[in-house]
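Record features (TrEMBL):
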type	residues	note
DOMAIN	315-408	domain 'Transglutaminase-like'
ACT_SITE	Cys323	active site
ACT_SITE	His382	active site
ACT_SITE	Asp405	active site
BINDING	Asn445, Asp447, Glu493, Glu498	Ca(2+) binding site
REGION	513-536	region 'Disordered'
Amino acid sequence: MDSVFLTWKLRLREVKFLSQVCTANKWWAGLGKAPQPCSFICPWVPVAGLEVALTDFQSAWNNVQHHTDEISSDRLLVRRGQAFNITLYFRNRGFQPGLDNIIFVAETGPLPDLSNGTRALFSLTGHHGPSPWIASLETNGASSLEVILCAPPVAAVGRYLLKVHIDSFQGSVKAYQLGEFILLFNPWCPEDSVYLDSEPQRQEYVVNDYGFIYQGNKNWILPCPWNYGQFEDTIIDICLELLDKSLNFQIDPATDCALRGSPIYISRVVCAMINSNDDNGVLNGNWSENYLDGINPAEWTGSVAILKQWHATGCQPVRYGQCWVFAAIMCTVMRCLGIPTRVITNFDSGHDTDGNLIIDEYYDNTGRILENKKKDSVWNFHVWNECWMARKDLPPGYGGWQVLDATPQEMSNGLYCCGPASVKAIKEGEVELNYDTAFAFSMVNADCMSWLVYGGKEQKIHRDTNTVGNFISTKSIQSDERDDITENYKYIEGSPQEREVFLKALQKLKAGRSEDPHQADSQHSTPEAQSGDGLWRLHTPSLRPSDIFQVSLKFQLLDPPHMGQDINFVLLALNMSLQFKDLKVNLSAQSLLHDGSPLLPFWQDIAFITLSPEEAKTHCYRIPYSQYSQYLSTDKLIRISALGEEKSSPEKILVNKIITLAYAGIIINVLGAAVVNQPLSIQVLFSNPLSEHVEDCVLTVEGSGLFKKQQRVLIGVLEPQHRASIILEIVPFKSGQRQIQVNLRSNKFKDIKGYRNVYVDLRL
C-alpha cells in the first residue's frame, strides 16, 4: 500500500509540473488542428498513454444552441451556464474509464490563476473538486470521445484557452492545448445575472442588430435608423480588444479579468471606453460644429464602421461622436457581449452640473437665451443606454434596467462614465444608491429656473417643475414603433408622488453635502437657496408667470417647418383679466445645438400689443430661409422666444418654442426577392430639398447581413430641387429580417436619412 501511495503522490506532482509547463507555453492550437503535446514520461511505466490526435469543437452546432451562429460558424462562441459539446479523437486507442483520467483546464487572461477564477481544472470522472466548471461523458467511441462541458453562470467572460491533461494508469501523462473559445454572458440562463425571462425581449435587446434612435424635439420626434451590427465580422474581437485597452486592464490585468464575470463591472468599463476622455477610447466627442478633421456625428448610420476604424488605426479615437453615437456604440458592444441593452432618448434632458436638482437658464431683455456660466443646460434631447442585470449590491427590488451613459459629461470615481443607475431607484428618488443615480435623476426630473439678466442684475422670471424629462423613448419590441417609457423614470409630472420623490431626493443630496466639507458651504447647493422658495413650495408646482401676469403668450406654427422654406408662425396673446393690458414683447430667434448651447441670434422684432379684458390677438411673423440658412447648425434647431412685460408691472413672461427643420426622406425600393447568396438590386431615390446648388454630395449605404462593408457613392453636384436615383447591386449573406440604412450629405446638409426593412429568405 505504501508503494502504491507513493506512486500516486509522484503522479500528482507530475500533473502539477505539466500544468506549469503548459501555462508557460503560450502558443495556441487552431480549431480543428491536431493539438500539440507536451509530455513527461514516467520512467517506471511503459509508454501506453492515450494520445489526442484531433479536437472537434462542433462550432457550427454549438453556436446555434448558444445563439452565436450569427457571429460565426467556424469559431466556438458559447454562453456561460449552458453546456456545449466537443469531440476528442485519439491516435492509438479509445478512452477507457478505468485506466484513463482526463482533466480539462480552462484559462483566460494573461495571468490565469485558480484563486481568482481565471483558471479552472475539472475532471471528466466527476470528481470536480472545488471548480464549478463541469465536464461529463456524452458518448465513447472506438477512437473518439464526445464530452459535454459547461462554464458556471458567474464565470468571467472573454477569450479562453482549453487544455487537457490525460493520465493513463499504465502510460504517460500528457498535456494538450485543444484550442480557443470565447465565453459570453447568457441572458437565456436563469442563473446568470443578466437573465431576461422573455424571449421576445431577448430577441430585441440581444439578437436584433438594427434599430432606431429618436431625435428631434418633444413636439417632433424623429426615428433615426441605426445599424448596430453586433454580429458582424471581427466585431466580437474588437469588443474584447476594447476591454483589454481599458485603464483597469492596463493597471492590473489579473484583477480586471477576474472581475469580468460581473455585468456591473463590465458595464462601467465599457462605458468609460466608449468615450476617449480618459484613455484611447472609441470616440472623440465634439459639440463645436467644427468637424473638418473628422466625420460630422450626424453622418454616421451604424456602429460597425466606427469600431472597425478604431481597431484599424491602432485603437486611436474616431472623430467624432455625440450622445446618440456614444449610446449606439455601447449598445453594439454590450449586445455583442450578451448583456441585454437598449437605446433611450430623453427629450428636454437636464444637465445639472452642481447637483442641486435645478437647471438655471439665463435670458437677456430680448428673450435671447444666453450662454450658461454654470454650464447647466437643458438638452433638446439626450441619448443613453439601459442594460438589464441583477443588482445584488443594492437593496432588493432595484435590479432590472440600469441607466448607463457613455457621453462624457461628469466624472464618476475619477473616470468619465455614468452608471449603472437603477431605473427603479431613479423613479423612487433613491439618489444615494450606486452608481451616479443623483445625476441620472436630474436628467429626467430636475426643476428649471429662468433668470433675466439686465443691467448687471439677475431677476428670477419663473421656476418650472415640468420642463425636464419628456417622452422618454425607445424602440418597441419586435416593432418599428416608439415606446414611451417615461413612467418607468418618474411619476406623473405635478402629481403629489412626483413632488414627494423630488423632495426626498433633494433631502438626500443635502444630507450627503453636509457630510462633505468641500460642499457644505456652497451658497447655491439647494433650490431654495437660489430661488427663495421654502421646502413647502416643493409639494406643489410653482406658479407660472401667466398666472401672476394674467396674460398668456403662445407660439403656433402655420406650416410644417421644412428645410429650405420660410418659417411662418403666429404669436397668440390672451388677456385673462378684466383689465386692459398694454404689452411690450421682445421676440428673437437663434439656432441651438442639441445639447442646449445657443448660437448667435439671427432675427429680432418688437411687438406692442394692447389687449381689452379677456381679448385674444394674433401677430403673424415670417423668417425667410435666406435669413436663417447661414446660421443653422447641423442639428437644424431654431429657438424662437418672446419676453413680454407690462408698463405698470415688474413681472415678466417668457415663452419659447423649439423648431426642428425637416427634410424629405430618402426612398429605398427593393427590386425583387431577397435570397441568401443571390444578387439583389436596390434602388435609392433622393433629392436636393434646397432652392440652390449643393456640392460634395455623398451617399452612404449599409446594413448588417446585406453589405459586407459600408458603401460610399460619390454623387457630386445636385441641382436645386433636383431628384435623382441610383441602383445598387448587393448579395445578401445572412437570412432573416434585415435593414438598409442610407445617409445623404453635402456641403449644405449632413443627414438626410432613409431606411428600408428587408426580409432575406434562406433559399428560393
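Every residue, even glycine, has its Cβ placed from backbone N, Cα and C.
Automated prediction, rather than curation, is the source of TrEMBL annotations.
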Can you tell me which recorded positions out of Cys323, Asn445, Asp447, Glu493, Glu498 are within 10 A of His382 (active site) by Cα, answering none if there aren't any?
Cys323
Could you measure between Asn445 (Ca(2+) binding site) and Cys323 (active site) for me? Cα positions, answer in whole angstrom.
19
Please give me the binding-site residues out of Asp447, Glu493, Glu498 that lie within 10 Å of Cys323 (active site), comparing Cα atoms only.
none
Spatial neighbours, same chain, of Glu493 (Ca(2+) binding site) - Cβ under 8 Å, 6+ residues apart:
Thr465, Asn466
Using Cα coordinates, what distance in whole Å links Asp447 (Ca(2+) binding site) and Asp405 (active site)?
21
May I ask which residues of the same chain, at least 6 positions away in sequence, place their Cβ under 8 angstroms from the Cβ of Glu498 (Ca(2+) binding site)?
Asn445, Lys490, Tyr491, Ile492
Using a Cβ-Cβ cut-off under 8 angstroms and a sequence gap of six or more, which residues of the chain neighbour Asp405 (active site)?
Cys271, Phe326, Ala327, Trp384, Asn385, Cys417, Cys418, Gly419, Asp436, Ala440
Around the Ca(2+) site formed by Asn445, Asp447, Glu493, Glu498, list the extra residues of the same chain whose Cβ is within 8 Å of the site's Cβ centroid.
Ala446, Thr465, Asn466, Val468, Gly469, Lys490, Gly494, Arg499, Phe502
Can you tell me how many other Cβ atoms are located within 10 Å of the Cβ belonging to Asp447 (Ca(2+) binding site)?
27
Let me check the 10 A CB neighbour count of Asn445 (Ca(2+) binding site). How many other CB atoms are there?
23
Report, as a single number, how many Cβ atoms besides its own are within 10 Å of the Cβ of His382 (active site).
27
